[in-house]
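These come from Swiss-Prot:
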TRANSIT   1-87  transit peptide
REGION    41-73  region 'Disordered'
COMPBIAS  47-58  compositional bias 'Pro residues'
DOMAIN    95-151  domain 'WHEP-TRS'
BINDING   E331, E382, E609, P610, S611  glycine binding site
BINDING   R363, N364, E365, R374, V375, E489, C490, R616  ATP binding site
Amino acid sequence: MSLQLLKALPHLRSATTAVRTQIARTTWSEHIATKVFFSTTTTKPTPSAPPPPPPTQPQQPAATTSWGTKKQNRKVKLRSAAAEFIMSNPEIEAQLAPLRERVQEQGNLVRDLKAKGAPEIDVKKAVAELKARKKLLEDKELALTPSVVSFDRAKMEDLLKRRFFYDQSFAIYGGITGQYDFGPMGCALKSNILALWRQYFALEEQMLEVDCSILTPEPVLKASGHVERFADLMVKDVKTGECFRLDHLIKQALEKLSKAKDATPALQAECEDIIIKLDGLNKQELAGVLAKYNIKSPLTGNDLTEPIEFNLMFATQIGPTGLVKGFLRPETAQGIFVNFKRLLEFNQGKLPFAVAQIGNSFRNEISPRSGLIRVREFTMAEIEHFCDPVLKDHPKFGNIKSEKLTLYSACNQMDGKSAAQVQIGEAVASKLVANETLGYYMARIQQFLLAIGIKPECLRFRQHMSNEMAHYACDCWDAEILTSYGWVECVGCADRSAYDLGQHTAATGVRLVAEKRLPAPKTVEVSEIVPNKQALGKTFKKEAKNITDALAKLSLEEITKVEEQLAGDGQYKLTTADGQSHDLGKDTISVKHSTKTVHVEEFIPSVVEPSFGIGRIMYSLLEHSFQCRDGDEQRCYFTLPPLVAPIKCSILPLSNNTDFQPYTQKLSSALTKAELSHKVDDSSGSIGRRYARTDEIAIPYGITVDFDTLKEPHTVTLRDRNTMKQVRVGLEEVVGVVKDLSTARTTWESVTEQYPLFEQQEASK
């Protein structure tokens, strides 16, 4: 190799790195990567060869991960996130509407000129004008859209992996799709988010906290409806057997179709309308969309099977006999419902009260993707608020009724309108939000998400349409956060009515009810089945107990039916819990009517349930806090708020001078006593490089021990991660300052007003 070439190599490497960085970066002008689809480069076919299938998403081997470092040899197709943000903001949409009309008008003109075979010069002039109008629209979008939505996802994922926030589980064995391990930073971040969640909800609302079993017997989930209804629609490649979740497949195909060069405005509008309403379509309607647009396998171009239902629960066997079937819980809520009676007793029979639970749940996703967004094992933080079904007021609603939320109602979704900012008090008064308790939790959810660092302009509450409502809900709002993947459902807030407690009462015969005292005693008629135990035992032997238990569970309507049948043909057919039927006559049972005076009334409580997906919240927060230094795109960091930052403070001796060690050790001990997580970085690297390393793991503050620290009075510098500014603080004061900053009792702006800004050391040794 020549000397000239050897000298040129460093410059070539730098140039190559710069080009790769530029390619990987995504800005509004280059269309932000809301969804990333990978496709191998295709070669131009020979004239005799059949045309290739449209570009599709190739199958990724299970051994690969989705991290940015694996993407260097793939062609990345980018889709803009601007549209999704703008659609949620009516003020921005109003400003852009005239520009959109001008672009659409010019686009139609270009199509007409081409269709009529107009002179080439006329077409070129029209195209030039179209480009100018599109540029004007894009510039306006860029000016109006927050920078938080625009970022380099591949660069962020590289940083997350390199600093081990989280990584794919069992990576050395090839990894498992949809499963992730949290490293030291990810684990600390998750713990801090959950600690703040407990403070905001469990502590503030004086909730009862439980920790229930993950293994759930089948009868529990049969009663709740999960065995029958907890399924997604799936289609298969008829040749390879590859499985695809149907709604995701349709969305991907229609997005691609609407962005094709020959897509008409009518087709684009049709595709957008279907995508918006996709979650509300049933099996037959989704199959119709599949057939209408002739959607094929995205991996092979092969035909797909008819949609089939796939239950998302992980089945297992409890015990060695294999006779007890169970599931890994799909949600934590059922453990709370089956313990309702004990919890009500613990609360001295009083309503309302709320129960909190944090734990892992499991769903056997058909096609897990998008990192922490869609996984098979995930942490949930759920609340079950039990209240009187006819009195769903909340005592603290007055504290939050003026809170403004961005609400995307079901009506606005159906009419193609944007979300709107509404005071939660007005939303409840107008019945847009069903009741005060639901509205209270929605406002508290917003306060919590903003406190951990979610950007307010990227948060909205979307109401479920009636045909997409969960089987247990009578009203439901999802807190959705805008990320590079689009709007992601992170918190569900549902009014589950009395469904769950009613189902478990019917299945077990255990009355999961509450009581309330009546204003005045009242006389009521009572009907009950009176079994002739002697006759039952003689006739049915060992089955007599099952029959007696089944009779005790009959409702008032069923008792009336028993009486009618006994009066008719003298027989009543009873089905017991084991599925067997028994004919009972007047000699074995009778119906007794009586009256009694009651002072209390029984009722099945309603439940309002906020359910937090911690992994999704974490990922959204990491995106919103990811930044690169101005003028140095290689220096990336996370602006996580001190409240949730994994490590609150770093201690950085200026050099490895042994005189610094006593001060470093003293600071470390003081921070530990103050219960502040911290990291000592006394490595030999330059102080600037060490600052950059601590910024990468989101440490908000750094204490530097320098030569001025050795002088009386002993002082240190305190550095802020976001601004990189430093102040000079007394050695004995600095831990208290960091404590106040980390618990949000003070701000960095207040600290800079109280202490002098640090410019340079006075002493050098």
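Glycine residues also receive a Cβ, built from the backbone N, Cα and C atoms like all the rest.
Structure with Swiss-Prot features highlighted.
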{"residue": "E331", "record": "glycine binding site", "DSSP class": "coil"}
{"residue": "N364", "record": "ATP binding site", "DSSP class": "coil"}
{"residue": "R374", "record": "ATP binding site", "DSSP class": "strand"}
{"residue": "E382", "record": "glycine binding site", "DSSP class": "strand"}
{"residue": "C490", "record": "ATP binding site", "DSSP class": "strand"}
{"residue": "E609", "record": "glycine binding site", "DSSP class": "strand"}
{"residue": "R616", "record": "ATP binding site", "DSSP class": "helix"}
Original post:
To which of the binding-site residues E365, E609 does the lowest count of other Cβ atoms within 10 Å belong?
Top reply: E365
Original post:
Taking every residue in the domain 'WHEP-TRS' (95-151), what is their average pLDDT?
Top reply: 75
Original post:
Say you check the Cα of N364 (ATP binding site) against those of the binding-site residues E331, E382, E609, P610, S611; which is nearest?
Top reply: E331
**OP:** Give the distance between the Cα atoms of C490 (ATP binding site) and S611 (glycine binding site), rounded to the nearest whole Å.
**Re:** 8
Original post:
Within 10 angstroms of the C-beta of E489 (ATP binding site), what count of other C-beta atoms is obtained when all protein chains are considered?
Top reply: 14
Original post:
If you measure every Cα to Cα pair among R363, N364, E365, R374, V375, E489, C490, R616, the residues listed for ATP, what is the largest value in Å?
Top reply: 19
Subject >> Local Cβ density at R616 (ATP binding site) - other Cβ atoms counted within 10 Å >> reply: 24
**OP:** Check the Cα-Cα distances from V375 (ATP binding site) to the binding-site residues E331, E382, S611 and tell me which is shortest.
**Re:** E331
Subject >> Neighbourhood of R374 (ATP binding site), C-beta criterion under 8 angstroms, separation at least six >> reply: G178, E365, S367, P368
**OP:** Whole-number Å only: compute the distance from the Cα of P610 (glycine binding site) to the Cα of E489 (ATP binding site).
**Re:** 12
Original post:
Of the binding-site residues E331, E382, E609, S611, which sits closest to R363 (ATP binding site) by Cα distance?
Top reply: E331
Subject >> For the glycine site built from E331, E382, E609, P610, S611, further residues of that chain with CB within 8 A of the site's CB center >> reply: T332, A333, M380, I383, E384, G492, A494, F612
**OP:** Take the C-alpha atoms of E609 (glycine binding site) and E489 (ATP binding site) and report the distance between them in angstrom, rounded.
**Re:** 15
**OP:** Sorry to bug you, but what's the C-alpha spacing from E489 (ATP binding site) to S611 (glycine binding site), rounded to the closest Å?
**Re:** 11
Subject >> Residues E331, E382, E609, P610, S611 [recorded glycine binders]: greatest CA to CA distance in Å >> reply: 12
